Amino acid sequence: MHIVLIGGPGTGKGTQAELLSKKYMLPVISTGHILRKISTKKTLFGEKIKNIINSGKLVPDTIIIKIITNEILHKNYTNGFILDGFPRTIKQAKNLKNTNIQIDYVFEFILPTKLIFKRIQTRTINPITGTIYNNVIQKNSELKNLKINTLKSRLDDQYPIILKRLKEHKKNIVYLKDFYINEQKHKSLKYHEINSQNTIKNVNIEIKKILENKL
């Protein structure tokens, strides 16, 4: 099974990707995690990616397509995968299609801008594992085994940067949505909008019902 999760920053894609991964034993391919890992390397390419991320711009299509395509095609994903944060543009979507990997489900996570900013203000990351946490929407029990002082704010979670990313997302999502709605007409792909205002648990239940053909 091949699942794609798209949506703006802070809409819960990463959280649901991890939950679905545990439930269905599918590996997560997270563009954000991959790029942040590259950005920590003391290389010219690592510095380039770091500067792009910190500026709030999207990594150019030519670069991100190459990175994700290599990841998808050159590693062992025989049982499928969960693709978190790719594609973000129509060019990326077409390139994913050209890999001839049959995407089964596309979930678009939708959340009002005001709530996106509220969530991002309380979002932290474990710099070692790359796991993202939210102290407001996640239960304390999920964080009790962590030393909170080891968690850090993401460098790209500053207000001006998020504003830029949201503008880019709003510009691209219209075409991306049309692309997958059209694909749904001609292929077995199924496209669903997910209301991210619901709790983590309820969002997860909704997605699982769709995957298990109960909705």
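Numbers run from 1 along the shown chain.
Heads up, the Cβ atoms here are built off N, Cα and C, so glycines get one too.
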Stated Swiss-Prot location of region 'NMP', expressed as one of 30-59, 180-209: 30-59
Rounded inter-Cα distance in Å - ARG88 (AMP binding site), GLY14 (ATP binding site): 15
Residues that sit under 8 angstroms from THR31 (AMP binding site) by C-beta distance, when 6+ apart in the chain: ILE64, ILE67, ILE68, ASP84, GLY85, PHE86, ARG88
GLY10 (ATP binding site): tally of other CB atoms within 10 A of its CB: 26
Three-state secondary structure, which DSSP defines for LYS57 (AMP binding site): coil
Spatial separation of GLY12 (ATP binding site) from LYS57 (AMP binding site) - C-alpha basis, Å: 20
